[in-house]
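Read through the structure below, which is laid out as C-alpha cells, and then see the notes.
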Amino acid sequence: MEYTALQKDASDYVSHYVRQHHIPELLFHNNAHNKDVIEAAKKIAQHYKLNDKDYFIVITAASFHDIGYYNGAAKDHEERSAEMAETFLSDKGVDEETIRFVKQCILATRMPQNPTNLLEKILCDADLFHLGTDDFSERNRLMRKEAELMGKGKTKGEWRRKTISLMEHHTYQTDYSRLLLNEKKQENLNKLIQKEKEGLKKDAKKEQDLQEEPVISNLPLPIDKTTEDSGNPIAKIPVEIGKSTSKYPLDTDNPVDKKDHEKRPDKGIETMFRITSGNNQRLSDMADNKAQILITVNSIILSAVITLLLRKLENNVNLIVPTFILLSISLSTMVIAILATRPAVPSGIFKPEDLQKKKVNLLFFGNFYKMSLESYTDGMNQVMNDREFLYGTLIRDVYSQGVVLGRKYLLLRLAYNIFMFGLVTSVLAFIIAIIIYA
C-alpha cells in the first residue's frame, strides 16, 4: 500500500471538507489547529522512528481528529471524527485493522486522555502540544473566544481557573514530549497562576473596601460543576472554589502554606529520574545484544575451526600457529562477552540499621529478595514517607545502574578490541604461513 499518497489524500480531504463546511465561530478548531497537530504528530512520530504503517495511522488520525466539529455539536465530536475517517479509508480500500487503529487513536483524544499504546500517546500529545509552546497564550485566547461565540462563554477568571486545572491535571504521555515541552508548559502554568493570585488579591481588596473584616478565604467565586461542552478540553475540568483542585496556594504570605508547597515533589525531577532509568535500561539491553552478537559469531568460528581445521593440521603443520591464534582469540572474546552479561546477585538481605541510616536501595531486587514481605513493606513505607529518603533511593538506584553499565561497556569494549585486533592478527598469520609454506 502506498501510505504516503494515501496520507496526503486524507489531509487534502479534511482541509477541503473544513473549507466547504466553514463555521466562522470555530476560531480554534480549524485548519490552522489541524495543521499544528499534524506537524506535532510528525515530529514525535519521527523521534520514535515508526514504520510506514504506524506513521500513516498516527498522521491520518491527526488529520481527522477534529473534523467532527464541522458536522455536529462539540459534544461527541471524536466519535463523529472516527466515523468519517472510517468512511474515507474504507472507500480507499484500507484494511479493517488499520482503520480500527486510526479510530482508536482519534477516540483516545477524548478528555480525560487515556491512551493505551504508543500511537495513541503520540496523537494525544500532539493534540495538546500547544500547552508547552510559546503560542500557548494566543491559542488559549482563541479557544476562549470560540467557546464564547458557541454560547459556552465564561469570564476571564473562570476560564483561567479551568485552564490552570486542566494544565495541572494534564501529563504528556511520551518521554519525548515531556522532555521537549514540560519546562515551557510549567512556565505557561506559572504565568496563569500568577495572574490568578493577582486577581484574587484585587477581589480581596474590593471586599475589604465593602466590609470591615476581610473574607478572602470565603471569596464568592462562581462554581461550574458540569458542562455539556465535551469537545472543549478545558470545559471538561470541574472547578469548585473553596475545594479547589488547584495545586497553587491561595495565601502565599502564609509561611505554612509556602513550606508545604516547597516540599511538594517537582514533576521535572520525577520526569528526570524516569527518563534516566529508562535510558539506562535501554543501554543495558543494547550491551546485552552486543555481547550476544560476539558470543554467536565466535561460537560459529570455534565450531568451524574445530570441525574443519583441527583434523587437517597433521598434513598442514604450517597452519598450527595461525589456527591456535584464532582459537585463542575467539575463546577469549567469548569469555569476556559472557562476563559482561554475567549477573552479580547480592545477598538479598538488608539490615535494619541500613534502613535507619537511609543507606539501602529498596528499588533493587538484590537488596531484598530474601527478606519477608512484611519487612520489605515496612522498609518501603519508610522510603515513601520520607522525601529525603525517597530521592536518595532514586539517586542510588540510578548510580548503581550507571556502575553496572560502566562495567558492562568496559568489558564489551575489551572484547571487541580483542576480537578486532585478534581477527586481523589471525588472518595475517594464515597469509604468512601459506606464503612461507608455498
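All positions are counted from 1 along the displayed chain.
Just so it is clear, glycine is given a Cβ too, placed from its N, Cα and C backbone atoms.
If you look up TrEMBL, you'll see 183-210 marked as coiled coil. Across the residues of the coiled coil (183-210), the predicted structure has a mean pLDDT of 81.
The compositional bias 'Basic and acidic residues' annotation in TrEMBL covers 255-264.
Here TrEMBL flags 33-130 as domain 'HD'.
According to TrEMBL, the feature domain 'Pycsar effector protein' maps to 272-432.
The region 'Disordered' annotation in TrEMBL covers 245-264.
Below 8 angstroms of C-beta separation, residues 319, 323, 326-327, 330-331, 333-334, 337-338, 340-341, 408, 412, 415-416, 419 of the same chain, each at least six residues beyond the ends of the transmembrane segment (291-310), sit close to that stretch. Residues or ranges marked as transmembrane segment by TrEMBL: 291-310 (among others).
The transmembrane segment annotation in TrEMBL covers 317-340 (among others).
Residues or ranges marked as transmembrane segment by TrEMBL: 414-437 (among others). Long-range neighbours of the transmembrane segment (414-437) within the same chain, counting only residues 6 or more positions beyond its ends whose Cβ lies under 8 Å from a Cβ of the stretch, are 290-291, 294, 297-298, 316, 318-319, 321-322, 325-326, 328-330, 332-333, 336-337, 340.
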